[in-house]
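Have a look at this one before I ask anything.
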Amino acid sequence: MAVPPSTHPRRLLPLFLGLFQGALLLFFALFITYDEPSAQAEDTNLVANQVYSTFPFFQDIQVMLLVGLGLLLAFLPRYGFSALTHSFLLLNFSVQWALVLQGLLHHFHHGQVHLDLHKILISEFAAVTVLISVGAILGRASPCQLLLMATCEIPVYLASEWVIVTCLGVLDVGGTITIHVFSCYFGLGVSKALFRATRQSPHPKESPTPRSDLMSLVGMLILWVFWPSFVAVLCQPGDAQHRAILNTLLAMSASAITTVVASSLLERDGKLSLGHLQNGSLAGGVAIGAVADMAMPPVAALALGSLSAVLCVLGFKFLTPLLGKKLTLHDQCGIHNLHGLPGILGAAASTVAVLVASKDTAGSHSSQLSPMSGNASEMVEGQSGDRGAGGQALSQAAGLAVAGGASLLAGLLTGAALRLPCLAQPPERLCFDDSLYFKIQDQAESPGPDSSAEEGALALKEQV
């Protein structure tokens, strides 16, 4: 007897995740191990110091991604459960998938991959790109589509990051280029290919409510508090990490104040837009990542934070409607304004900073830990000294071009793959609704009169 179409996506999701987790268990059983305990007291102390210095940053990043970013995406009033749960699912899936790919490509020695906290941390950085990219199609994609998107994005990110950091020697300790620019244009590429040339009209369930905006505002505050850890965790402990924390705090403080000023001036009645405040206050953290550990005056961090906030607010006010009208580009969460525009500004700032820095300063700020090769500070320092300030500036620009171009092309191809009927993209009238994916207690006790009609519409969509 044939399986009813309406049950197909509900079985496809656990089947996909079950097969993935089973394959991962087999991979870990065969190839993943820990380092052998050392009998040397010096080695034991070194490992302990690394754990104690890294794990607090790691915990901060966990709070950012699971709580802060999840709540930031909960601005859709009837999509809060989905925003939080899908972010949680995608984070865990992407971290495990990145661990597998990293182990096979970069850490496979003598038939074994030695697992440590640094490898998991780098896998979380890879997962961040997925969580940012899905913001472009939030509410209009099924969980199966989001998982396929993560499956495609992680290997492209790892390859792009390897080219940018290892081959080009780009200085980007906070992921401005490798994470924010990449994930932004990957998500926009997916959105463009998935929705093609159809212009997305405003959805009745799309408008935020005071309660959903409050949740999103709380998410912004959590992200704002913990963002310095995200930027500074890969810096060399000491002066570079200290500078990264201070510069990030200054940039984000300036972006918060500038957002209030810009939003109030752009609104006719002088009132603040919550959407501007939720995103513009974080723009300074995005832009500062490429220059956070560089020896620059504090006023430069303040100026960069202010400029990034202005770009973000102007993007929401003018650029997003223009792109939607002229290019039929759908960007649900405004990731281009929060991650794309400030990311480009940060990349440009890193180019200028390299050019104006003295030779000694340029050597001292190259303290990035490459996700691909572990401690790459010596390699990057050597490249900076060999090629000079002009060569390093060209590398910064080339890294931006690689991140934007490769991610956009890969996003377009991934978006085309997401159009497969078996992935059960929800019909337009059923978008932005938790009841499509979750058993909500109130609805379970007193189902609405239109529930069967909605299920029928979804089944019809799956048959097409």
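Along the chain as shown, residues are numbered 1 onward.
Backbone N, Cα and C atoms are what each Cβ position is placed from, and that goes for glycine too.
TrEMBL entries are annotated by machine, without manual review.
According to TrEMBL, the protein carries these features:
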COMPBIAS  363-376  compositional bias 'Polar residues'
DOMAIN    24-421  domain 'Ammonium transporter AmtB-like'
REGION    363-390  region 'Disordered'
REGION    443-464  region 'Disordered'
TRANSMEM  12-34  transmembrane segment
TRANSMEM  54-76  transmembrane segment
TRANSMEM  88-108  transmembrane segment
TRANSMEM  120-139  transmembrane segment
TRANSMEM  146-171  transmembrane segment
TRANSMEM  177-195  transmembrane segment
TRANSMEM  215-233  transmembrane segment
TRANSMEM  245-266  transmembrane segment
TRANSMEM  273-292  transmembrane segment
TRANSMEM  298-319  transmembrane segment
Taking 3+ C-beta pairs under 8 angstroms (sequence gap of 6 or more) as contact, is the transmembrane segment (273-292) in contact with the transmembrane segment (215-233)?
yes
Most CB pairs under 8 Å with the transmembrane segment (12-34): which of 54-76, 120-139, 146-171, 215-233, 298-319?
146-171
For the transmembrane segment (146-171) and the transmembrane segment (298-319), does the number of C-beta pairs under 8 Å, pairs 6 or more apart in sequence, reach 3 or more?
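No, since the transmembrane segment (146-171) and the transmembrane segment (298-319) share fewer than 3 Cβ pairs closer than 8 Å, they do not count as touching.
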Which stretch from 120-139, 215-233, 298-319 shares the most C-beta pairs under 8 Å with the transmembrane segment (88-108)?
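If we count Cβ pairs closer than 8 Å to the transmembrane segment (88-108), 120-139 scores highest.
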